[in-house]
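Trainee: This is the structure, below, for whatever I ask next.
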């Protein structure tokens, strides 16, 4: 990092943290007590603060990583600063932990952008800082910076694990992956993703050798054709059934293998992935979650994915491959018909954006969910098109992880899309400065609207005296 870029980044990080502190103060003044899931998280953390480590709320679905880390930060700070009484592990103090995670996420996003795109000399330091700032204020993640939720810490340890993986520190990466798992069990998928990065790199090297042997460079330039995909899958199977290759891959990824093995032991002992409230968090094959994620990604990345050039190229692709797109359409319609699930929380809780999206769009008519298939297909094509600079093995690996982290979820919840979106966004090429600024302005606007609604447009339910607020 050059000195000028270092100063600029320090200024951006400091400025963003200061503004976040001011917004944090506003949120804390308006909502002093625990809200939504904080009703479970805050008392649990406070019980740990008082040394009651055997106490556990059965409504909490995640492991105690957030509470253990909170105690590890707050208690020493209280001892050093002489804090006593109710201020120690208060709601505001616990929420402040996530503000620290937010600053850490900004730094990690910058480092990841630097590492992933280091070969692209056309990318300026200002563009890297701007992209890091944009992703740091990504609305769905940024909102939970100001509440005591698991999301900022979950993202922090997962991004840190990914960064260490890219630098080849796989034991450290697996350890950080374990920390991420302690915040949210589904983060084990991103441990597999880190191992997959190593595997994809070795596969890509072997594939290039294979191409050179056969002197058939056309395969690498036509990733989209069905015959090429068939040959790649055949090569993949042949490579992975070789004992020599398996030994090599195991030697490279053993820290991740140990962590994934521990995960399966946990699932066996626990009787499932979720710790508590299992009746409301049952796994299922909810394939339309992929379509919701693609729509979510297009919405938040429209400067990248929704451009006139891309639309023209998509229409040209439709004209060239009508049979393939017809098959994709039929499969999509079938998946929507047979595998659409509607969680009771989605229909009952009018404090979330998803409630209104479902009511205003999907409940308009029974056919709406089918009529959206062309939009899903365009979103999927545009999504994949932005990843064409990555190797085919990386794309396959990412897609497997994306399916694993989204499809089993019955509840449509935008928070579940945060990590797959960030991983995707980190790996797509940089666009023009104008489009980057447009993306940042859009995120700021969405955040402004969300916080305005949360702070000022309160309401009450008929059967409750508590103040209710709109949120993600």
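Cβ atoms here come from the backbone N, Cα and C positions, even for glycine.
What TrEMBL says about a protein is an automatic prediction, not a curated fact.
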Trainee: Give the range, chosen from 246-269, 414-437, that TrEMBL lists as transmembrane segment.
Mentor: 246-269
Trainee: Have a look at 289-306, 307-324 and point to the one annotated transmembrane segment in TrEMBL.
Mentor: 289-306
Trainee: Can you tell me which recorded stretch out of 126-149, 246-269, 367-384, 391-408, 440-459 has the most Cβ pairs within less than 8 Å of the transmembrane segment (289-306)?
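Mentor: Between the stretches 126-149, 246-269, 367-384, 391-408, 440-459, 367-384 has the largest tally.
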Trainee: May I ask for the residues of the chain that lie six or more residues beyond the transmembrane segment (93-114) and have a Cβ under 8 Å from a Cβ within it?
Mentor: 1, 9, 13, 16-17, 20-21, 24, 27-28, 41-42, 45-46, 66, 69-70, 73-74, 87, 128-129, 131-133, 135-136, 141-142, 144-149, 151-153, 155-156, 159-160, 162-163, 166, 422, 426
Trainee: Take the transmembrane segment (6-27) and find every residue of the same chain, 6 or more past its ends, with a Cβ under 8 Å from one of its Cβ atoms.
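Mentor: Apart from its flanks, the transmembrane segment (6-27) reaches 95-96, 99, 102-103, 106-107, 110, 125-126, 129, 132-133, 136-137, 145-147, 451, 454-455.
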Trainee: Go through the chain and flag residues at least 6 beyond the ends of the transmembrane segment (327-347) whose CB is under 8 A from any CB in it; none is fine as an answer.
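Mentor: The answer is 280, 284-288, 291, 354-355, 358, 369-370, 373-374, 376-377, 410-412.
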Trainee: Who are the long-range neighbours of the transmembrane segment (391-408) in its own chain, taking Cβ under 8 Å and residues 6 or more past its ends?
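Mentor: Same-chain contacts beyond the flanks: 186, 189-190, 192-193, 196-197, 199-200, 203-204, 207, 223, 229, 232, 236, 283-287, 289-290, 293, 384, 416-417, 419-420, 423-424, 427.
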